[in-house]
């Protein structure tokens, strides 16, 4: 059967994450939430430690901790804290506490590198089901709220005047972000999840005239990065998660260069 | 005459400061009402309370059933990473047909902008697109929050002429907040002078001569009043209120 090949499973896992991350990544870019994504993703290593010590599924642990972190950050952001500093503190201390917590786990052989940088080649059929299930949920959530999310992103008062509660839309984004983190941890790992959100969206920007086109192009660029990265990792024998992000970064550089040349000519 | 909005004893608390206290205010169908007041007097907060963006800490706001509000915000910053055409912007949050979008742009005086990027518009074009969006639903009430901030004087005068035309055509009530007393007061049926509470209200002439209003705006009001009477021979003495505003506007536009 097709899914018996680990390479096919890896490719499908990468595509699933790229698809879910693309539209959400656009909102992360538009709303300047890059650090927010970082904090949420970094906190998830704490979720891994908790899940292993309480013997629940890693997915559930990561989802719970990411959601708690994302909610905390999004609540604080409404109260006029110096967000830049606060997010820097939260993102890195969450990672540090997570790493310390993992070191307490005695007797369990834990592949720390696998969680930090992902282990896409070890994706099994249950993982695949989880990744595509999560991705489908994220896509459905974002598609359902798309117009309201966009309006709230443009201006909160404009949203209120149209009968949309921007705080509710912020919660939708928060939930979707936690889901993406939980889904992506196996594929690119805690440290590089934010890259999968931001880099494809940023690469798509110069070629899009509407938000919808940007989201679709980000998905395509993310998908190409996942497949290209997998291929490159196989050829050069490099770690897969970081290679995927490298391919995305190269695509971003090419896109920026094309944009630069186009502007110079015009 | 039917009431569109009425507030009774409206108070709004932002953080630990009471921005509005005991505000009684109303606007009827077809009226043009202007809210004037110094910076920090709660003008924008009153508008935001009317659209439901801030919750009253006391008092109530009643709206006519089925009231349609078109809101033009004070300033709208679109992040440069967000690509969006004028046509797509008009279709948020509910998609509108090409024809309806074109009709709204036409009413707002910018018929040819549909395919342009929002980020590439001039200040005046941008405000007109915001106006077009507010007009899409054929509102009963148009809310304008310092809609001409960042426009130069001819630009803002043209914008207010457009508003008057829109009202003539659509018959909607207009509630606006502005610091450009001389421009907006001449077009208003009623003026409400706000400073945390309602200082005075009435026709432009009554408000302009009210001692409470003069206490707030000082000697500069003489200039404003002169302009209101279309007397252009007045002198702009130093410290004149609207002269100051004008200088700031030019800075903002550059």
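Residue positions begin at 1 at the first shown residue.
Glycine too: its Cβ is placed from the backbone N, Cα and C atoms.
Some features that TrEMBL has for this protein:
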- A:6-30: transmembrane segment (TRANSMEM)
- A:42-69: transmembrane segment (TRANSMEM)
- A:89-108: transmembrane segment (TRANSMEM)
- A:129-152: transmembrane segment (TRANSMEM)
- A:172-201: transmembrane segment (TRANSMEM)
- A:213-236: transmembrane segment (TRANSMEM)
- A:242-261: transmembrane segment (TRANSMEM)
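Most Cβ pairs under 8 Å with the transmembrane segment (A:213-236) belong to A:6-30, among the candidate stretches A:6-30, A:42-69, A:89-108, A:172-201, A:242-261. Taking Cβ pairs closer than 8 Å, the transmembrane segment (A:42-69) reaches residues 90-92, 94-95, 97-99, 101-102, 104-105, 108, 110, 115-116, 130, 134, 174-175, 177-179, 181-182, 185, 190-191, 193 in its own chain, all 6 or more past its ends. In terms of C-beta pairs under 8 Å, the stretch of A:89-108, A:172-201, A:242-261 lying closest in packing to the transmembrane segment (A:6-30) is A:172-201. Long-range contacts of the transmembrane segment (A:172-201) within its own chain (CB-CB distance under 8 A, at least 6 residues past either end) are made by residues 13-14, 16-18, 20-22, 24-29, 31, 33-34, 36-38, 40-42, 44-45, 48, 58-59, 62-63, 66-67, 69-71, 74, 95, 98, 114-120, 122-123, 127, 130-131, 134-135, 137-138, 141-142, 145, 149, 214-215, 218-219, 221-222, 225-226, 241-242, 244-245, 248-249, 251-252.
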